Amino acid sequence: MSHKLASALLAALFLAISSLSGAQAEARAPATKGAATLSPDEARRALETLQDDQKRAQMIDTLRAIANVSGQQQPAPSAPEQKSPIPLSADGLGAQLLLTVSEQIGEISGEIAGVARTLTHFPAFYYWIMRTANDPAAYNLLIEIAWKLALVLGCALSAEWVIFRLIRRPVVFLEGRVPQAAHLPAQALPIADPPSSVTDVTPEPELHKRRHSLVRIWQVVLRLPFVLARLVFELLPVFVFVGIATALLGTEIGEPTTVRLVILAVVNAYAFSRGLICVVRALAGPSGLFPVRAETAAYIEIWARRIVGVGVSGIAFANVALLLGLHRAGYAALLRMVMLVVHLFVVVIILQCRRQVAEVIRAPAERPGIAARLRNRIAGGWHYLAIALDLALWAVWALNIRNGYALLLQYFVGTIAVALITRVAIMLTLGLIDRGFRIKPEILQRFPGLEIRANRYLPLLRKIVSSVIAFIGFVAVLEVWGVDAIVWFYGGQIGGRLISAVVTIGVAVFVAAAIWEISNALLDRQINALSRDGHYARAARLRTFQPMLRTALLCVIAAVVGLTALSEIGVNVAPLLAGAGIVGIAIGFGSQKLVQDLITGLFLLLENTVQVGDNVSVSGLSGVVENVSIRTIRLRAGDGAVHIVPFSAVTTITNASRGAGNASVSVNVAYKEDTDRAGQILKDIVDEMRRESEFRALIRGDLELWGVDKVDGAMVSIVGQIRCTEAGRWPVQREFNRRMKQRFQQNGIEVASATQTILMHVAPPADSAANLTPRRAAG
């Protein structure tokens, strides 16, 4: 396989499953038809023609005439070019990007299809099974192999069982001779203190760790001879099994050669499996060289039996099939599938143990720093790297790639190095960005909202910078894998054009964000300046216009940036603009009420009819203006309710917040009271309030006493007004009424009432004492 094929396989392994069906269909497709086969008579006549000079000359003239006629034929007209339904320019970035991606996917799919064809030669295995089943000689050979194999295995297994029974007592005796210190935990053993010179220069935790490491090494040395002796005892039945089987195969049972080789393959597979299990048990077991817990030892032994059983049995079966006539291609495909199952077992083990291994790799919490962060990152994704390495090892072996393991090591180490460098670069760059966004206190005092605006864009900037560095790392990984990715970014290539488009769009977005933030900052600064200088009306008006100005500016910026982005990727924006115009006209005709709202609201705002904070009455609803949009006005009523009034429903606006607010004075006193005295008391109340600091700024003049407004037989009405500011009308009027009630009570002035009391004297009857009954009559 070529170097390019190995790179493409490692870079796009996930596409293999989706392309297998297409590859198998293509493999089953018939080949192109070759030339028709000649019969012996036709070949004889052609030979006579070539040997005869006259006939050969006639044939040459005939072929020349046919060639001349064929050359004069006009080529068939090409099919008319179909226009793409997508408005992309033929040489635009979008069209070129789609074409490049399509070509690359086609190349990778073709190479993966070729790889799949080399790995799946299962038709040869199927044909071998059918041929063996239908061949009487092969059938008889299988029967002979079966009874001879049963005889050899029966004798060898019997001898193995006898030896196993004989070595049980020596094994138990050997286990009893193991020193107790070799089984105890390292923490339970007494450890001598090192010299004082060592303890003076070594920290206590590190010294404690070294002590236990030395103790564990000493325990391994103590267990080593006993483990080796036990391993020899456990392997002794296996050696006896192989010896008995080999001895039997040396007799007539091993004839013919095919029978002997098949039985020998099965015997070797069994012996190899038993030997590997014994070695695993000797290394990692309760009594092994590296003792582990019982459940861990059972887990290791179970998976070792599965892997060894499937791998060794599968290889033995493939060898037996090859001896019985299986084609070499089918044999290779069978071996690849067996080893794939073994590698998938390893994948399952990696997934089951990912948390335990991650805990070992993860750095302690008390160790901060870059190394600890890298360890934590590796702990979170080590199983992905392990699975990729496991499958890559199988792919290199299955495809028989020249120098495949060296290339795999280069790819693996290079990928890890690039990933580490990329991660460090991202961390350093983000640290510099965070430091650069720290604003000094003196700048914050001049621009109070600057920190909030900067923090708004900081997460987005961090993501963009991380994505750029990650993309550079991805290109570096492709270079490590042998893909010449740098060429993509040369002048005129798709990568260069893509980067140019991204940079252009990025600059457009940056300029748009700068315009947006500068405009908002200028508006806020102007509002604050007007409020600081006392121009509250202008500040309120500008604050009212601010949401609409922001909305309009956002729409313009979004349209410009969107059209710029579409133009850069090669989309023809002229049809989009025409369509937008048509849609605008349709919306204008279909939404006349909405257009009326917009136009009415615009004129009301331009005429400064209402502002945020005004107390107004609109369409029978009263409240304080909270927000004015381009279409509606939002009022907050006195009871807390919110009224949303569209401008199309506004016919009359009553604004009580236009610089002046007069507190009305209207009091009804009894007809008998002195109106001049009552009016003087009212004037004294207003004068007293104007001298107080609480109401001095709210009252703009003395009481304007207009005099007696109404006289009837029961009361006299005195009216007037107090000129106040727009914010002082209701506080002044309420306080004035409270004090007026108190003064009238103190001075004995009676407020008129609509109710009268009449006392009537009624003559008592003759048979009872005289009494008077008061009656009330409504006046």
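Even glycines carry a Cβ here, placed using N, Cα and C.
Looking at the stretches 139-159, 496-516, the one that TrEMBL records under the feature transmembrane segment is 496-516. Listed as Cβ neighbours of the transmembrane segment (548-567) (distance under 8 Å, sequence separation of 6 or more from its ends, same chain) are residues 504-505, 508-509, 512, 515-516, 519-520, 523, 573, 576-577, 605, 629-630. Break the domain 'Mechanosensitive ion channel MscS C-terminal' (664-750) down by DSSP state and the numbers are 38 helix, 30 strand, 19 coil.
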